4 protein chains.
Amino acid sequence: MTNSTQKSEAPERVRDRLDANLTHPFLDADGDKLREECGVFGAINAADASAATALGLHALQHRGQEAVGITSFDGREFYSRRGLGHVAENFSSSEAIGELPGHMAAGHVRYSTTGGSGLRNVQPLYAELASGGFAVAHNGNFSNSQALRSDLVNKGSIFQSTSDTEVIIHLVATSRYPTIADRLIDALRLVEGAYALIVMTPEGMIACRDPLGIRPLVMGRMGDAILFASESVAFDVVGAELIREVEPGEMLQVGFDGEIRSVRPFGSPKARPCIFEHVYFSRPDSYFAGRSVYEARKAIGTQLAIEAPADVDLVVPVPDSGVPAAIGYAQQSGLPFELGIIRSHYVGRTFIQPSDSARHSGVKRKHNANRGLVAGKRIVLIDDSIVRGTTSMKIVEMMREAGASEVHFRVASPPTAHSCFYGVDTPERSKLLAARMELEPMREFIKADSLAFISIDGLYRAVGQKDRDKACPQFCDACFTGEYPTSLTDFRMTEQRAAQLPFADPKAA
Amino acid sequence: MTNSTQKSEAPERVRDRLDANLTHPFLDADGDKLREECGVFGAINAADASAATALGLHALQHRGQEAVGITSFDGREFYSRRGLGHVAENFSSSEAIGELPGHMAAGHVRYSTTGGSGLRNVQPLYAELASGGFAVAHNGNFSNSQALRSDLVNKGSIFQSTSDTEVIIHLVATSRYPTIADRLIDALRLVEGAYALIVMTPEGMIACRDPLGIRPLVMGRMGDAILFASESVAFDVVGAELIREVEPGEMLQVGFDGEIRSVRPFGSPKARPCIFEHVYFSRPDSYFAGRSVYEARKAIGTQLAIEAPADVDLVVPVPDSGVPAAIGYAQQSGLPFELGIIRSHYVGRTFIQPSDSARHSGVKRKHNANRGLVAGKRIVLIDDSIVRGTTSMKIVEMMREAGASEVHFRVASPPTAHSCFYGVDTPERSKLLAARMELEPMREFIKADSLAFISIDGLYRAVGQKDRDKACPQFCDACFTGEYPTSLTDFRMTEQRAAQLPFADPKAA
Amino acid sequence: MTNSTQKSEAPERVRDRLDANLTHPFLDADGDKLREECGVFGAINAADASAATALGLHALQHRGQEAVGITSFDGREFYSRRGLGHVAENFSSSEAIGELPGHMAAGHVRYSTTGGSGLRNVQPLYAELASGGFAVAHNGNFSNSQALRSDLVNKGSIFQSTSDTEVIIHLVATSRYPTIADRLIDALRLVEGAYALIVMTPEGMIACRDPLGIRPLVMGRMGDAILFASESVAFDVVGAELIREVEPGEMLQVGFDGEIRSVRPFGSPKARPCIFEHVYFSRPDSYFAGRSVYEARKAIGTQLAIEAPADVDLVVPVPDSGVPAAIGYAQQSGLPFELGIIRSHYVGRTFIQPSDSARHSGVKRKHNANRGLVAGKRIVLIDDSIVRGTTSMKIVEMMREAGASEVHFRVASPPTAHSCFYGVDTPERSKLLAARMELEPMREFIKADSLAFISIDGLYRAVGQKDRDKACPQFCDACFTGEYPTSLTDFRMTEQRAAQLPFADPKAA
Amino acid sequence: MTNSTQKSEAPERVRDRLDANLTHPFLDADGDKLREECGVFGAINAADASAATALGLHALQHRGQEAVGITSFDGREFYSRRGLGHVAENFSSSEAIGELPGHMAAGHVRYSTTGGSGLRNVQPLYAELASGGFAVAHNGNFSNSQALRSDLVNKGSIFQSTSDTEVIIHLVATSRYPTIADRLIDALRLVEGAYALIVMTPEGMIACRDPLGIRPLVMGRMGDAILFASESVAFDVVGAELIREVEPGEMLQVGFDGEIRSVRPFGSPKARPCIFEHVYFSRPDSYFAGRSVYEARKAIGTQLAIEAPADVDLVVPVPDSGVPAAIGYAQQSGLPFELGIIRSHYVGRTFIQPSDSARHSGVKRKHNANRGLVAGKRIVLIDDSIVRGTTSMKIVEMMREAGASEVHFRVASPPTAHSCFYGVDTPERSKLLAARMELEPMREFIKADSLAFISIDGLYRAVGQKDRDKACPQFCDACFTGEYPTSLTDFRMTEQRAAQLPFADPKAA
C-alpha cells in the first residue's frame, strides 16, 4: 500500500549484487537488447513442489533476473518467499525450500520494470479472498490496466503494488460469480493484452494463456505431477517431459485428484505468438510454437546468408545470442565460423575508467576482440537484433581496432522499429535506431562496411511458414511492423505518451 | 497481500540486532512486563517535518522498539520509509531523512505483536484512495476488528497486512461520504476499542482519540508547526512546547494554512484513560492526564509506604522502572534509598550458560546484586508491577544469595489479573500470577518475607482522584479490575480463546 | 600486516550499529568522559570455558564496547573468533560458542582507539611460536612500545597490528630463554607502563599485573575452574566466587592439573592502582582495591557534601554515573535525592536537527530535564568528573530552561588536568577544561551558580586512606596531579607531541 | 596471527554469493577441472593506478574468483582493500577506488585453497619493514615453503597467514643485504617452485618470474605507465599495449622516474612454461608463450582430428572451454560444428532435488542437451581435459538420454595423471581418473562409444614445437608426464602425503 517504500536494508548492496550478476548470455548490460520481462513455473501433485519450482525457475532465469518469488500450498495454508536477485541466491538452501511446504507451488522471475523495484511487486501476488487464498504468477502485460485500475479504485479497492497483475486479483475479488474459475473468466474477459497465468487456489491450479497466445506457456508431466512453465527447458532441468503447449485462449484446471479440465472461454481467435521468442527470448534448447529454437535460429542464419551474402574471410558471431544464426550463416555460405569476439562472463556496470585508457572499455569488459584471429581479415558479424545500435557501433569499432580489414554486419531479425506493449521491456520508441533512420544511415551510425537485416518474409519462412499472411499474420511481429494485434487502451488514453503514438508514426502509416 | 512473507534478507541478523537492543529501562527482556505496543508522532507546517518526526519518535522509542516507519508529504507526493529495529538505526542519516521531503510527516514505533513481524505491518500504513493518498499511524487496538475485516473481505476488499489499522483504510475507501473527514468519521463510528490516530491526506493532518481517550495523545507547537505525539517528552526533545492533550473523542483537523478545527463526532462520553501509563508505560519526564508522571509515581510510592510499611534497613528499587516509587517510599518512610541492584544496560537474550555456573544467570546479566551494600541488611524491594512473577522470584533469590537477611517486596500497582485488549501486549491470562493465585501464594511463589500491592483506591488517590468512582471509574483499570469499558466483540466471538474469557472467570465474578 | 585495510563488508553498517549501541551508563556519546580502554577475562579447567568467557565479558562490556574477541584451547588447537560491536552481538549464539571448544579460554573487550578500527587489532592476539600457540589479552598501555617496536622491526620482526600488545609477542618469540614463562618474564622486564595480562599457551594460563598494579585484575573460582577478570562483577554474573586480587607485580601460572604457581619476578615495588577505577571506570557492584566501588562512590559524595555544601532544595545526579555520589551527598546533607534528569537509553549520534528546534537537542536525546520536578527549585547537580566541560555546560543550561532557579555543580573527583598514558582514552591535554583554566573560569564556562570539586586529599580519605602520601602516593592519580609513576619513554621521544609534555607544564611545575 | 579466525560477519552469506557467481566459462562447479589459483596485475606511473588495476583484475577474474585485493602507494603511504568474491563486487564503486590513491598499484585475484578462506590470506600481502612498506602479489607456489617457514619461526618470525607468499616477506625482512632488490634476490634464491611476483616498495615496482617461467607474466604500456599482468587480455581491457613477456628468471625494476632495469640473478636455465595455460587456464583472447591461445587451441583440435578421427554426424563442444578445439576439429574433419549442449550461465551449487526428478539434474543446471539437434545423431564431444571424469560421464549420459545414437569423446590434452605443485589446484592424485586406470577402463567409466586423448607429442606440435624434447622438455607438462622440473622438498618431507608420492608411482616409473 505504500507509495514509495524504501526498505531500509542497505539498498546499495542489492544493486551491487545485481550488477555483478548481469552475466547471462541473453542480457546486454548496456540495455541494448529487448528484455522479456518474466518467466513462470508451476507444479501440482508433486512431492517436492517448491523444490521443483525453484529448479524450474532457475532454468528460466534468463527471462527475469532481478527478483524471484515462490508461493506454495500444503492443503491448508499458503506460504510465500520472495527476494531480489537470482533464484540461486534466494532458493538454493534447504531452509528456504523448507519454508514452502506442500504439493502445489508456483513461482515467478522478473525484471523490475515500470512496477518499480520493491519487493511488493515481486510475484506470485497473493490475496486472501472471501473464498480463500488466491495466488497468481503472470507473464505478459495488459494494455488496459490503467483504465481498469482507475475503475476499481473508485469503487474502494486498494492496490498494494503497481503491477498490472494486481488488477486481476481485484477483479476476481469483486466479481459476483460464484466459483473461482468463473470469477477468473469474468476478470479476464475485461482485460486486453498478453498473459500467461498460473493461478493457485485451495482447489488446485489454473493455467491460462491469452486468446492470441502472445506469451508462451507449456505443460509437462513428472510422475503424477503436472507442471506448467514459460519454456520447455524448465522441464528438461527438473527431469520432466513436455506434454504440449497450453493453447492460446485455453484455460486448464488441475485438481488435487489429478483431473485436468480444459475450457476455452474466449472462443477460438487465430493465434499470434510472439515471433521474438524465436529470435532472442527463449533459450536455444527450448521448443517454441512446435519448433526447436536452436533450429529456428540456425534457419534464420541460413536464410540471412541467402538474402545477404558477404564476401569475407570469417563469420563471427556477436556472442552469445548471435551464435546459432552465425553457425547457420557459416554453413550456408561455406565460410569458416570463428570466435572473433570473446565474451567475459564477469560483468559489472560501473567500473571507473583509468584516464589513460582507450575508448569503449565498457564494451570490452564484456566483449574483447580475438586479435590474433581477426587481424588483417575481412569479417561478417552476426547479431540477433539491433535495438539502440550503440553496442553494435562499439563492437564494429573494436573489430577495426583489432585489425579487421573489413567489417560487415548481418542481423537475424528485421529492423526493430516499434515498442512492445505485451510484456517486453523496450526503450522509448524514439531511442530505437530503426525508428529513427533508414538502412543506410543505420550503416553509417554503426560504421560497418555493409549492413543487412533479414526480411520479414524471410523470417517467417525460416520459422516454418510459407510466407507472412498479411491479412492475419501467424505471429505477433508488432515490434517490426507496428501491427498490434490488440487495441492499446492505456496507450491511447495517455496524452503524455502521445509522441510515441504508433498510429501517428509516418513510417507506420 | 501475502499470507506469510518471509523476506529473504537474512532474518536472523535482524533478530540478533533486536536482542542486542533490548536495553531500555522499561522493557524486561524476560517478557515479564506489560508492553505498550506503539508510539506515534506527527508534524505539519514544519520546515523539517521528517527530521522532527524522527527525533520525536526517538524520544518515544520505549513505546515500541521492534520497527519504525515515517511517511511524509511534500504537497504532491507521499514518501515512506520503514525498517526493523530502532529509530536511530533507520532514521539518523541525512540520506534517510532526505528521502522524506515535505512539510508534513508522521511516524510510528511498534512492537511486532500479533500482526507478525514483516515490514508489511510497520506503520504508517498508506493507500492510494480515489481521493488521493491516505496515511495512518495508530496507537491502540480495536476490539471488533476481526468482525469488520470479515465483512470487508466478503465485499471484495483485499487486505495486505494483518494489522487492525488496515480496517480503517478499507472502511474509509468504501465509505460513501463525500469528504475524507466524513469518511473517516463514518469509519470510526464502526470501530470499538482504543485508538490515538494520526492521519495524513493531501489536505492536511487529522489527529483523533477514541471517545474514552484510552490511549494518550498530546498536541504541541514549534514555531508555525503543529505537532502531535503519544507523550509530551517528544516535544521536549524536538524543542517544542506542549499545548494540551487531544481530548477523548476529539478530532483535530490541521490544514496547510495553519487553521485548526476541532470536532467531536462521538458526543461526550466520560473519559477513561489508561491508568497504566502512570504506573509504567510513559516516561517519567512526560505529563499524562494533566500530571507529571514522575510525581505520580513518587506519590504512588508514598501511598504504598503508608499502606504497607516495612521494618527494614534499606529501600531498594528494582531498576529502572521502580526508582521513582522507591524514592517516594523512602522519603515517606524515612528509610535510606540505596542502589541494592545494579542494572546492566547490555542485554542479550540467548547467552549459553556455563554448566558450572550458579542459577539465575539470566536475570544477573541484567540485574546484579550490590553485594557490599545488602549483605546482612533487611531490605524492601520496590517494583512497579508483577506480571508473571518469574523475574520477581529471581530477584528476591538473588538478594538472599547476596546476603540480605530479610527481603520484603512492595508493588506500585494493584495485582495485574486481567488481559488488556486496547493495545497493550499482555501474556495469556493464565500466565498472570495474580490471575492464578491469591496474595499469600504469590508471596510464597516469589519467596519474599512479605508482599504487598498498593490498593486500587490508593492508586487512584496517588494520581489525584479522591477515590475510584465505582459506577464510572475515572481511568481504564481493566487489567486490575476486569471492568472493560467497551464491549469485546472479537473476544466473545473467538471460541478458541474461550478459556480466557474474563466473564467466565470465577475471580472476576 | 596491511597498513590500512578497509574490509569490504559494508563498513557503514557496522558504524551505524555502534552508534545505536552507545547506550551504556558509563559512556558519554559526546566523548566527554574518560574511557577505560579494555576488559579481560580468562577461564581454565572450566567445562564451558568459552561460554563463561562470553558471559564474563558481557559483564565487562562497559570497559570496551567497540570490539570483542575470544580465543580457546582444546588441548590440541587454538580457536579464535572476533567481531566489531558488543559481546551479545557476537557471542550469544550456540554456533559462535561451538566454534570455541576446550577447557581454557580468554577474551577481551575494547575500544578502537589509536590502534585503529580494523579486526586486526581486536584481541586476544595470537601467534604460532616455535614453542606452539601463544595468545594474549591485555588491558593497559606500554609507555615505551614505540621504542621497542622500532628495535624489533630493525631485526626483522613483522608487525601485523598497531597494538602495543603485539610487542610482547615479538619479544617472547625472539627471547633466548628456554621456557615460555621465562621468555614472558624476559619480555615484560623490557616494557614500561601498565598491564593486566592473560596469556594462554599449550601448558596453561598465565595472568600477570604490572609491578605498580595500575590496571585491575582479580582471580576467582567456579568449581574446579580458575578465572581471571578485570572486575569482580564478572564473577557474579557467571556464578563464581572472588578469591582475591592478582597482586601488583605478581605472575600466576595455572596448569591443566589445577596447580597454581605464584611468582614475583619484578621484586616488590609499592603498588599504585588507578584511583579513577573508584571514581568512574568500574561498575558500582564491583570490588576494587579491597572496597565496594558503590560504597567508595557514596563516601566520595559524603565527603563532597562536607567539603562543598550547597543551599538548595534538591540533590540531582547526572545519570547514571553520578547517582551513587549523589545518594551520599543527599544523605550527608539531609536534602532530598531526586531524578531531576531522565536519561534515555536510546542514543544515536547523528540525528538531523529540525531547524525550528531549540538548542542542545543532542544532549536532550540522552538527558531530558524532569520539568515538573525542577521548575522553581534550587538544585545541586552531582557528576563524577568534568573532562571537556561541554556536556556539563549543556546540562546546566537545560536545567535552567526547565525552570530551575539556581543550578549548583559538584564534582566527585578533583579537576582532570593531565592525560593518561596507561590505557585510558583521554582527550589531548589542551582539550581538558581543567588544563585550560582555573576554578572560577570553569564555573563561568559551564554557567553554574557555583562549582566545586572534591579535594585530592578528600578523595583519598573517601577511599579509605588517612591522607594522600605525597612522597609515594597510594594510588596512581596522574590525571589529577600530573605525577606519573613510570617514565614516559615514547612520549618524550615524540617531538610532535611536545606541546602536551607534562614536564613543560607550568601548572605541574 | 590468529590460528583460526572466524569473522563474525555472516559467513554463509558470502558462501551463497560465491555459489551464485560460479558462472564463468572456465570453472566447473563440480570441481572437475584443474584451477589456476591466481592472477596478478600491477601498474606504475599511471594516473589512475588502482582503477586500471581493478579493471585489469576484472579481465583476469577467471584465474581466481573467491577473493580479491588491491594495494596502492601515493608516494607516502600504502593503502589496501580486500574482499571476498569478485572484483566487480569489491572494486567497482568510486568510493572503493578513492580509498586507493596514488600512481602505483598492484592487485591479486585468488581461490581460497590450502591457505584457508580468511581475508588474512588475500593478497597483496603487506608488511612494514625497517626499510619501509613492502607489498607483494604472487601467482604460483613454492615447493619448499614448509621447510623455510619452519626455519623462520624457530628464529622468532611470526606468520600471520598460511600463505606461502608470506615466506618471501620474512626472508626479505631478515636478510642482511642492504637494498630491497638484493634482499629480494637473497630471498628468492632460497625458494624452489613457481612464481610470478609483483612487488611494491617506496622506490617503485619489481616484477619477476621464476627461473623456469612456469607461471605467466607479461609487461605492457599505457602512455607513461608500465603495467604487468598474468595475461595479455588484461591490457586489452584497460586499453594498453602488450610489450613482451617477462622472461623466465628475469627481474624487472621500474622506478618512479620511468626507468626500467632488467636483471637476471638466477642465470639462464632453459624455460619451461606451463603447457596447461594453452590447454585451459588462459583466456582464448590472450597471447601466451608467443602464440594466440585461441589459435593454439584450434590447432590442438586440428591435431586431435588427425590423430583420432570419428565417424559421426556432428562435432559438439563441451561448452565453453571445449569450443575452440571443437572448431579446429570440425574444420579439419569437415564435419558440422553444432551446439549440442547449451550452457546456462546461472549456476548455484546446492539446489534441492525434487524427488521425482530424473538423475543428473546437477549437471543439467549447467549443461542441457539440445534435444532437437542431437536426437538420432552420431556425435563426437570435444572437451579440453578430463580430471575426475565424473562430469564427462554425466554429459555422455545426458546426450544419450537426449537421443544421440552414438557418443564419442575426444580430449584436447593428454591424460591428466599427476598433481601439480606449482600453483594449480588439483585433486588428490588418487582422484584423477587417468591415475586410476588405463584408456579402455576410462572409456567404460564415462560410457562413451570411443575415447581418445591427444598425444603428448601431438600437443607439443600443436603449440608450435617440432616435438617434445624428451631430455629437456620445452614446457612444464608434469601433470601429464610426472616429470617435475624442480625438486619437491615439502612433498618429500611430508610423510602423510607419501601415498601420492609421484616417484613411487608405478606408471611414472
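Yeah, the Cβs are placed from backbone N, Cα and C, and that goes for glycine too.
Just so it is clear, the model here is predicted, and its values are computed rather than measured.
Per TrEMBL, active site, nucleophile is recorded for A:C38. Sequence-distant neighbours of A:C38 (active site, nucleophile) (same chain, 6+ residues apart, CB-CB distance under 8 A): A:R63, A:G64, A:H108, A:V109, A:R110, A:Y111, A:Q123, A:H138, A:N139, A:G140, A:S230, A:G423. A:C38 (active site, nucleophile) carries a strand DSSP state (E or B).
Sequence-distant neighbours of A:C274 ([4Fe-4S] cluster binding site) (same chain, 6+ apart, CB under 8 A from its CB) are A:A194, A:I214, A:R215, A:P216, A:F281, A:Y422, A:V424, A:F475, A:C476. Among the features that TrEMBL reports, [4Fe-4S] cluster binding site is placed at A:C274, A:C420, A:C476, A:C479.
Positions annotated as Mg(2+) binding site by TrEMBL: A:S321, A:D383, A:D384. In this structure, A:S321 (Mg(2+) binding site) belongs to neither helix nor strand by DSSP; it is coil. Taking the Cβ of A:S321 (Mg(2+) binding site) as centre and 10 Å as the limit, one finds 24 other Cβ atoms among all the protein chains shown.
Under the heading domain 'Glutamine amidotransferase type-2', TrEMBL lists A:38-257.
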A:D384 (Mg(2+) binding site): secondary structure state under DSSP, collapsed to three categories: coil
Near-site residues: [4Fe-4S] cluster, ref A:C274, A:C420, A:C476, A:C479, CB cutoff 8 A to centroid: A:I214, A:I275, A:F276, A:Y422, A:V424, A:D477, A:A478
Output field, Mg(2+) shell: CB within 8 Å of site CB centroid, site A:S321, A:D383, A:D384 dropped: A:K33, A:V279, A:Y280, A:P317, A:V318, A:G322, A:A325, A:I382, A:S385, A:V411, A:A412
Coarse DSSP state, helix versus strand versus coil, of A:C479 ([4Fe-4S] cluster binding site): helix
Across the domain 'Glutamine amidotransferase type-2' (A:38-257), average pLDDT on the 0 to 100 scale: 93
Cα-to-Cα gap, A:C479 ([4Fe-4S] cluster binding site) vs A:S321 (Mg(2+) binding site), nearest whole Å: 19
Three-class DSSP secondary structure - A:C274 ([4Fe-4S] cluster binding site): strand
Protein Cβ atoms within 10 Å of A:D383 (Mg(2+) binding site), excluding its own: 22
Alpha-carbon distance [A:S321 (Mg(2+) binding site); A:C420 ([4Fe-4S] cluster binding site)] in Å: 20
Binding-site residues: A:C420, A:C476, A:C479 - member with fewest neighbouring CB atoms within 10 Å: A:C420
